[in-house]
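Here is the structure we will look at.
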């Protein structure tokens with residue numbers, strides 16, 4: 001009887017275990033190929049897959065590390081009490097016989113299913129942002145400065161100046177004469193035969209032997225009797241011109257203003273796509289953390305679908321969207337804009353280049369993630385408080401009607417303000433900052449680290465931060 005009742009639960013667990021096994025084997029294969037240096041057999045992953053994997057790693061990391069802090073925040077908002085009061089209550093419960101295990105179960109209620117779902121949420125979150133940014137960069141019109149830079153770069157590629165032609169002729173003459181010298185002199189000074197099949201090797205051999213040849217403007221001129229060869233010199237003006245060309249090449253691509261506009265568009269689209277996937281997870285996770293349902297989220301979701309239909313998974317979607325949308329737009333927008341500014345400052349031609357070298361790249365990644373998390377919390381906090389109150393009222397009190405959901409959201413907000421003033425909309429801000437700032441730091445640091453690790457196996461240009469959309 002026991003085995004029969006547990007049979008349905010074993011199948012999803014077996015699927016999860018099989019998925020983890022496949023992922024582990026694939027990862028081990030990639031690392032094994034890398035360690036053996038099998039360049040010809042290197043696995044190349046498409047850019048969207050790298051984006052999805054990086055987003056999943058970032059979301060999973062922050063969920064596993066900071067789940068108990070979020071549970072405390074949910075208790076604060078549901079009971080309208082401070083974090084100090086909730087922590088003191090938990091400490092009192094832990095002091096009772098068997099209380100420690102009870103408190104731990106409460107703090108980690110639903111973490112297994114949440115970790116599993118976070119893989120899907122993180123993948124959609126980062127993949128949708130990167131895909132939307134690439135599309136926006138393709139569709140947005142070029143700035144006048146961008147057109148000028150691209151035109152200048154194209155002109156430099158197809159134009160060959162007379163001086164460059166003379167230099168090319170002189171260089172060819174030097175190569176031919178160096179080859180002739182190697183052939184005439186036979187063995188080199190070291191006693192080995194000078195290679196006659198490669199002109200570049202002949203030039204190198206001539207340089208090694210200390211022979212300097214003066215290039216003649218007449219291609220038919222012979223070697224001087226002294227055997228001295230002077231290679232063509234590069235003038236100071238030519239060096240300055242080359243440095244200028246390098247800087248212009250550095251700036252070719254979408255302008256900063258265009259990239260920032262693309263970031264905002266992508267943040268909005270990415271936030272909407274993420275909300276569709278994350279809303280059911282948050283609904284049941286918050287109810288489990290508030291003690292309203294069991295921690296088996298998959299079972300609770302299945303029960304809700306049987307009793308109320310598939311639409312019950314998205315009960316409270318609009319209240320959730322009214323909080324998640326400003327949060328995700330603020331987080332994605334802040335992080336991507338900071339990443340763009342950092343990438344600009346890292347260019348050698350930037351006047352802020354020296355400042356970027358003061359900290360290692362990993363420290364900049366963590367700092368940008370923390371700033372994005374703090375900005376997102378402060379912008380979305382009032383909506384988060386109202387949304388949590390709506391979600392923790394229970395499925396029976398939530399309506400599938402969009403109009404009713406919005407009305408419930410606004411009515412709940414008014415009630416909170418009437419009871420506790422505007423401060424009621426910021427209840428739990430400290431534990432939320434303590435949760436979301438480290439969470440965002442871990443998430444974005446993990447995303448960048450994962451993309452850097454997969455860079456050698458990414459098909460096309462390397463994906464990273466602000467360059468993700470390029």
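The first residue you see is number 1, and the count goes up from there.
Each residue, glycine too, has its Cβ placed from N, Cα and C.
Here is what TrEMBL says about this protein:
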- 237-246: compositional bias 'Basic and acidic residues' (COMPBIAS)
- 141-165: region 'Disordered' (REGION)
- 233-255: region 'Disordered' (REGION)
- 258-341: repeat 'Solcar' (REPEAT)
- 360-453: repeat 'Solcar' (REPEAT)
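Across the repeat 'Solcar' (360-453), the DSSP tally of helix, strand and coil residues reads 83 helix, 0 strand, 11 coil. Secondary structure counts, DSSP: the repeat 'Solcar' (258-341) has 74 helix, 0 strand, 10 coil. Averaged across the repeat 'Solcar' (258-341), pLDDT for the predicted model comes to 87.
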